[in-house]
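Participant: Got a structure for you, written out below as structure tokens; questions coming shortly.
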Amino acid sequence: MNYQESLSKDHPKFTKDIEPSGFSQTLQEAMASIPNEHSSNSIEQSSELSVIRPEPVFSVLNTPDPPSPWKELASSMKEKVLTRGKQSSSLLHFTLSGLQGLFPVLSWGRNYDLKSFRSDIMAGLTLASLGIPQSIGYANLAKLEPQYGLYTNLVPPLIYAVMGSSREIAIGPVAVISLLVSSMCQKIVDPSVDPTGYKKIVFTVTFFTGIFQASFGFLRLGFLVDFLSHAAIVGFMGGAAIVIGLQQLKGLLGLTHFTNKTDLVSVIKAVWLGLHQSGRRNLKLFWLSAIAPLLSVILSTVIVFLTRADKHGLKIIKEVKSGLNPSSVKLLQFTGPYVGESAKIGEAVAVGRSFASVRGYQLDGNKEMVSMGFMNIIGSLSSCYVATGSFSRTAVNFIAGCKSPVSNIIMAITVFLTLEFLTRLLYYTPLAVLASIILSALPGLIDVREAWSIWKVDKMDFLACIGAFLGVLFGSVEIGLMVALTISFARIILSSIRPRIETLGRIQGTDIFCSKRQHPVVSLEPGLMIVHIGTSFLCFMNANFTKERILTYVMEDEELQEENNEGKILYMVIDMSNVMNIDSSGIAAVEEMHSKLESFGIQMAIVNPGWQVIYKMKLARLVERIGVSWIFLSVGEAVEACLSYKEDNICA
């Protein structure tokens, strides 16, 4: 009797006047052609379970082989380079698709109009008015001369404008990256002792940062930046904001001597000593410019020039070199003792960065990584240090009404004009104003409300948040970054080692099965145990734990049944619908579990394993040992089959 006849006999109301489709007939013919070694598995060896179950029309095992990892990588690389749409075999179309993938300007530029250009001009000028003084201040934070901040606001935005996919992201130096670069690079070379050697390290770090970013993008490894959880980023950014604010006390208070360390204790000690020594002289005119966050750079510069406050102890920028970015190719160091350290710092900066998107459209993180990588590689060759998207300037760019990355081009042109003609006017700009400008941008990085929300929602997430915060505040920026990564990794590993193994029950009157612990009202099927494995990868880290936990459930249930004089478990249904992949340790654990259950007189059934799991189980011949007829597509199908077997065995 075939499956259709069996279905008609048992459930005539479902099959009346229904002819099998061509697809069903084809599948039935395919089932009929299965070799005897597979069909023999439909007959159970145990005398208690010696019932033949007909093969279903649709089997979870009837799947093609999954693509190999190399094919998936090649496919992702092709998707990365080529734009979506109907592909053509012509070389010209292939080339154009590749160029549009790498340079989105070729796509959006075709529809760009004069109205959008007007909006971008206004947004670009607004962006420049904020970006120019900020970039000078951030260069000071990075322990570089002021012009290097302007350089970083010139070349990278131009590269991003043609390669980036976001319309709003404002590119340039940012506070956290500037602090991260300076805190890590000055441990290799002291900028106050060897400024040229320090610049070499910074440019080399920028180059390696770009290399890592571009590589992550091309290899579709953009997920690596996600190892810093949202909670860890909130804590890290909050701690970094406080440290950056403390660093500005040198310029804000006009201190001559200051510490190179970034931790809270060292900075407070340096401020205390500075205020009680030489930094306290003639501060009357200093306080005039100390309130300059509310004033423009131009106004403060004019005031200092007219009052000659610099003669009375006020710190000013002094000379800012004019002209375009000089080449820094010869400053890159690929030999010597510091190459390895530079590469490590570059990797840390690449992983520690994040993207900013204000509007609702989706950004391709991997394409963004490629564009950021190329702009930092080219920037490292033209006297720029690490650039990325700025949260504060991106918000300003959005509010100002930008329509495309052209706003970055307008900002870069404005910076170019400043470098060519206006740098002499910056001579009397007080450092206190730059410090105030940086301080005014920091409150947005300290999100107390979000930290409180994290505490209420997830205490483990809050641990990552406060760990990163305290690591930055009392250690250093890199320590905070390492604490954040460590806690994030630890949580991933703990959840992988101890996946949730839930017993399932049926909601009465339905074919829906859910967690007994979460929904105590569900009913358990007599003689059956249903468990759900809550991990996507059954591997060496969690395979033994999973096996032991399931066998423990069986033993505990057996003892409970004996106490209540109830029937023993005959069937174990394992829901593997969450398990997308498995390794050899996972295969061995499933095989051991099957053997152990079989020795107890319990038949194991597996439900809906993932594509890779099915493929590997076939290769390991585990499917044959379990039995083709004991692998199901749904929990409901498995339960009905087990109950049918149980009823037939009782009747027999």
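We count from 1, first residue shown onward.
Heads up, the Cβ atoms here are built off N, Cα and C, so glycines get one too.
Relevant sequence annotations retrieved from TrEMBL are reproduced here:
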- 7-19: compositional bias 'Basic and acidic residues' (COMPBIAS)
- 538-642: domain 'STAS' (DOMAIN)
- 1-45: region 'Disordered' (REGION)
- 121-139: transmembrane segment (TRANSMEM)
- 159-181: transmembrane segment (TRANSMEM)
- 201-221: transmembrane segment (TRANSMEM)
- 227-246: transmembrane segment (TRANSMEM)
- 285-306: transmembrane segment (TRANSMEM)
- 369-388: transmembrane segment (TRANSMEM)
- 395-419: transmembrane segment (TRANSMEM)
- 425-446: transmembrane segment (TRANSMEM)
- 467-494: transmembrane segment (TRANSMEM)
Participant: Select the range from 121-139, 201-221, 369-388, 395-419 that forms the most Cβ-Cβ pairs under 8 Å with the transmembrane segment (159-181).
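Facilitator: By Cβ pairs under 8 Å, 369-388 leads among 121-139, 201-221, 369-388, 395-419.
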Participant: Short question: which residues 6 or more past the ends of the transmembrane segment (121-139) have a Cβ under 8 Å from it?
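Facilitator: That would be 145-150, 152-153, 170, 172-175, 178, 297, 317, 320, 385, 390, 392-393, 396-397, 400-403, 406-411, 413-415, 418, 426, 429, 433-435, 437-438, 441.
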Participant: Could you name the stretch, out of 201-221, 369-388, 395-419, 425-446, 467-494, with the greatest number of CB pairs under 8 A to the transmembrane segment (227-246)?
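Facilitator: Answer, by Cβ pair count: 467-494.
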Participant: Run the contact check on the transmembrane segment (369-388) against the transmembrane segment (395-419): 3 or more C-beta pairs under 8 Å, excluding pairs closer than 6 in sequence.
Facilitator: no
Participant: Give me the mean pLDDT over the domain 'STAS' (538-642), rounded to a whole number.
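Facilitator: Mean pLDDT, the domain 'STAS' (538-642): 90.
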